[in-house]
Amino acid sequence: MNRLVVISEGHPPNLLTDMNSVIRRIDLTCKLVAPVISGFIISFVSLKASALMLALWTTISVWVEYWLFMSVYNGIPALGINSSRRRILQVSPSNHVEDTISTSQERNSLVSNDGENSATAGKSFAFKIIEWISKVPYIEAWKVYLQQDVVLPGVALALLFFTVLSFGTLMTAALEWQGIPAFVIGIARGISASIGIAATIVYPMLQSHISTLRTGLWSVWSQWICLLVSVASIWVKNSHISAYMLMAGVATSRLGLWMFDLSIIQQMQDAVPESDRCIVGGVQNSLQATFDLVAYVMGIVISNPQHFWKLNLVSFWAVTMAAFLYTWHLCRIRKHLFHFEKLSSLLISSAQPL
């Protein structure tokens, strides 16, 4: 759907922002409502009924999704045209390169003498190995990804997945070990999800006033500031107060997290060429999944709930690195972070007597 909005023409500029926000809002709302409905069925009917309801819903929804995909694809011819052109562009250069390589190799074989044949063969073999490795689809995809102008924002977003500071299984287990009741954790998780949904409402308003780039900057640093509360909970002696500080910091940080997510998505949609957009999106998703997996591996290595503070610090370090990476990217693009001339003029005007 995000790609659809980008390639469709004749729409106002803010349509992409609004569409991204609506899609993310639907996603977060479903993640909030689904466990609640499942919990009600388990509590008032049975666990078996909940499983059957989930299986029925999955079976129905997958066919609805397929129908929607086909409707969009058939309704917008540009989707198919662009894919065909992209395949042609990808095949033609490779054939040209292969023809050029074979021609140059034949020419070298004709003009080289017997003493140089062995060295040429060795170089040719090494060149073929390097060429073969470079043509591996995964390597080619990474080469395309690293050539994009938005590679630093993409890596910054992926770093945010290297965290246990979310209401996932690792943090939930640590909170339960500290004696926090399950219903309190559930309420905190609901508040966190609601703040995430609020981010999808705030983002379009903020983006329209300060641009996509600066919205990303303010978002990632606001997330960092909120997580300071979670980090400070490490040095609080009272376990219950420490746990509530941890939950408060994580819940409030969702506002910055999801606004930053929307900002990076829109930057990729605007800056990545149409022919590379699917490749870049695939690499970005794989990078995020890798960091998410490493976070779980980190939880296996540091499995003692008493040592959750170590996971807390590592996660905060990842957010800090993401914030600095994005700030560096913004400095490279805009050559500045703040409008000091506007700030100085504002200070001068405020200092003048009325």
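Glycine residues also receive a Cβ, built from the backbone N, Cα and C atoms like all the rest.
If you look up TrEMBL, you'll see 32-57, 63-81, 150-174, 180-203, 215-235, 241-260, 308-328 marked as transmembrane segment. Summarising the annotation, TrEMBL assigns region 'Disordered' to 99-118.
Away from its own ends, the transmembrane segment (308-328) comes close to residues 152-153, 155-157, 159-160, 162-165, 170-171, 174, 216-217, 220-221, 223-224, 227, 230-231, 233-234, 246, 260, 291, 295, 298-299, 302, 337 of its chain (Cβ-Cβ under 8 Å, at least six residues beyond either end).
Long-range neighbours of the transmembrane segment (180-203) within the same chain, counting only residues 6 or more positions beyond its ends whose Cβ lies under 8 Å from a Cβ of the stretch, are 17, 21-22, 24-25, 28-29, 31-32, 36, 166-167, 172, 215, 219, 240, 243, 247, 250-252, 254-259, 262-263.
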